[in-house]
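Novice: Got these off TrEMBL a minute ago, pasting:
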type	residues	note
ACT_SITE	B:H161	active site
ACT_SITE	B:C203	active site, nucleophile
SIGNAL	B:1-24	signal peptide
TRANSMEM	B:363-382	transmembrane segment
Amino acid sequence: FRLSSLIGHISTCPSLIGQCCQRHPGSVDEFQEELVIRPLHSGDIYASFQFRTLWDTDFLQEGQKVSHYRLFPKSLGQVLSKFSVRELHISFTQGFWRTMQWGQPFIPSPPGAELWVWFHDTVSDVDGNWKELTNVLSGIFCASLNFIDLTNTVQPSASFKPLGLGNATDHRFLRYATLPREIVCTENLTPWKKLLPCGSKAGLAVLLKSEKLFHSSFHSQAVHIRPVCQDEQCTSKAWELRQTLNVVFDLYTAGQGKKEWSLFKMFSRTLTEACPLATSSKVYVDITDNPELFELSPATPLLSQAVVLGDRRTYSVYDLSRAETFGQLRSLNLLLRWKGDGEMLRPLLHAERYVAGFGLQTGEIHTVIYNNHPYRAFPVLLMDSVPWYLQLYIHTLTVTSKSRDNKPSYIHYQPAKDRHRPHLLEMLIQLPPHSMTEVTVQFERALLKWTEYTPDPNHGFYVGSSVVSALVPSMVAMNTNFTQDQPLFSSFVPVKEESSYFVRVYTEPLLVNLPTPDFSMPYNVICLTCTVVAVGYGSFYNLLTRTFQVDEPSLPLAKRLANLIRRIRGVPLLT
Amino acid sequence: MDYYNLLTTCAFIHLLVSIPYAYSNYVENKAGQFFSSGHTNNWAVLVCTSRFWFNYRHVANTLSVYRSVKRLGIPDSHIVLMLADDMACNYRNPKPATVFSHKNMELNVYGDDVEVDYRGYEVTVENFLRVLTGRLPPSTPRSKRLLSDDRSNILIYLTGHGGNGFLKFQDSEEISNMELADAFEQMWQKRRYNELLFIIDTCQGASMYERFYSPNLMALASSQVGEDSLSHQPDLAIGVHLMDKYTFYLLEFLEEVHPASQANMNDLFKVCPQSQCVSTPGHRTDLFQRNPGSVLITDFFGSVRKVEITKDTINLTSSLKPLIQRSGSGDMQIESLTYVDQLPVAEIIHQKPKQKDWHPPDGFILGLWTLILLVFFQTYGIKHLKHIF
């Protein structure tokens, strides 16, 4: 009896062993990291880090409270479950992305801080959740996100559709806000790095040194959380946390003019190992324009092709999980030496914005959108969020393309309410091929209450960037299949059809001067008035109301003693 | 003999018993020494109140104290750092992400691991007083709160531009010495500190601590009333003065201090005599109960944790609950989930306008209609009401 039960026990053991070898019990998350280096035609270099943690769990399932966090950071997990967040996108950017010189970024972001969140349908008070969420995030990222309140939050009606899974898109659960004045510095990078599973100790994150990253033309770090398909069949959801960092190093400030880049020159570090917790750790270098453009060393046999942003690009791949990538010195330092100049492909969609007019009373906002495609027209969705103190006159809104009126097929305008909400203008405009479309609207500047001015009002007030979202026709068929092996940079935006790709372009933020009062005026007026009253009226009043008495001069000591004796005697006193 | 043996054995047993007793006495004495200062945790509130690039030195002052305090053991979660302007990533900074304290860029006090809790426009008198007294809105995150208790030693460092009896915040408002003294009294009454060290580096700094009246406060200032605090050295590459004299010498003094050092407050009072500082630093200890000579620097600047050793065993809870497996296929949705269309043009064009929530008429409209109705009934009389009802 004992022997048979023992044999039975042994036979069940292999199956148990097999099960636990496949997956560590309790861990259903995986981490991938990737760095893409794209040399730009002006000699600058664009590096894009993406760190993705995929977690197979459901925060909002009834009765199951998540308490064991492994790779997914606990601070973000608690935020998601407490505020019933369906999708969260936050980005901090320093600098402006120059589309005409650098092409399209993998992940676009506007200057300053931008936060947009989709809440679940079960939330009853979206505004309350939004307010608390911004406060919690300001603590996590050391940023002044608590300045996001109802005066700069909008609810877009057609832009910013969810990037993750889902079917219902009721825009009542979407909130979007941007802080164009927000500064990005090491204090934002430090908590961002702490969210990574390996921190900044191993893997690609060792390259993230703040002294080099902020000495650049463009720096953007972002966190994107959304539900994605767990596998090819897409029957269940997994949570995806993407941390992205885009940086463009300038040839002259960091490169000293020599058209030669290496990892050490860019980041003052080289790579020594992959993150041990990562299932894949790769470096991609864009060599589509080679061999005319630059020379890459050390050479690698691995090549990969990917269709990204409507173009088929070829990449050299360095797989950090393999030991031979690091060579003899056990460190990987990529070297790119320029050989010639190349022709840059003009980006198909480009937008600019500026303020026209003079004086501190009125002005005009011009938004210019360029469609550089030679023969295809496509629609774009323009979203403008203007603070309440620039009072827009919507009856002066004009949209012209090729000097003819172009009526938008959809306009949504929500007027501002003083000190309560900003203006929101969304328009779906059809851009004719190879044209420039100009949107103009006049505004008047408001006079704020004196406590509403910032301590440095003469700097000006910022107006957030406009967002242009479009489905741009693609030259190459896009990949609509979702596979796990796709590199991260090509799988951020879901692709629904092969002939076009989704792109979002941000314009420049505006800096407008509002009429500023003289803050020293109350002090000056009080001083002057009080002086006039005291000197002029005061002396007059004294002359009228005071009674005057003759004052006896004080007597010397001998006479005072004599007076004392005289008083005792009862005899009249001396004077 | 037997009696003698009995005596020796008794003495021996007595000795055996008393040795561990003496040893535990010794341990208790040591433990008593550990807890003599009376505090169990350390907090620091470091504030820089000036804005604009030419006030670089105030940010450098605050960051150098931050650096020393972190080095001596206080963690970021116990430091509330308030910087009124950003110097490191300012566009005028020739070396971004750095703030230097010594000329020729010798020491970068900004470092690679800094967490600023209040920055930019958030550094206001109201926020500062709310942090001190703890009366913050409920949604304030933990990193922005001063969660001290009655056994906390707090270090408060202020720097900026000041005058006789006030400190200027961000060029637009001031905090007076009376407000500060009242805030400390509130903290005392709510038992938010055990002992408090207040350091201020501004012009006429001693005027700020004149009005304190709560117990267990020690204060240091960089200059007396009527004197100006001066800045130390300019750096020609950056173009501004890097530090103030008092904090520069304070930083040099603190660089010598390590977590086990026995330096006390009397050494701190001697920092920056008039020959170096040009102004006369002042201090105030009359409200402090202990003798300054017995107060260690690390009581305020460091975070020396007291460890209690125990020999009891603690049973950990049983192993993790088994992972709730994804329920069988009977429960799963059959249809696959899809991503949302990013720009559904047809859907957008035919979107129905959002039903606006109906609000009752606002005050002005209500008043206007009431006026119209009143005029109507006055002109035509009340008997015309029957035409309506």
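Cβ from N, Cα, C; glycine included.
Please treat TrEMBL annotations as automatic predictions, because they have not gone through curation.
Keep in mind that what you see is a predicted model, and the values were worked out from it rather than measured.
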Novice: Sequence-remote contacts (6 or more beyond its ends) of the transmembrane segment (B:363-382), Cβ cut-off under 8 Å?
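Specialist: Same-chain residues near the transmembrane segment (B:363-382) but 6 or more away: none.
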Novice: For the active-site residues B:H161, B:C203, work out the Cβ neighbour count at 10 Å and name the residue with the minimum.
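Specialist: Across B:H161, B:C203, these active-site residues, the one with fewest Cβ atoms within 10 Å is B:H161.
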Novice: What's the CA to CA span in angstrom from B:C203 (active site, nucleophile) over to the residue listed as 'active site'?
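Specialist: One finds 6 Å between the Cα atoms of these residues.
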Novice: DSSP secondary structure for B:H161 (active site), reduced to helix/strand/coil, please.
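Specialist: Its secondary structure by DSSP: strand.
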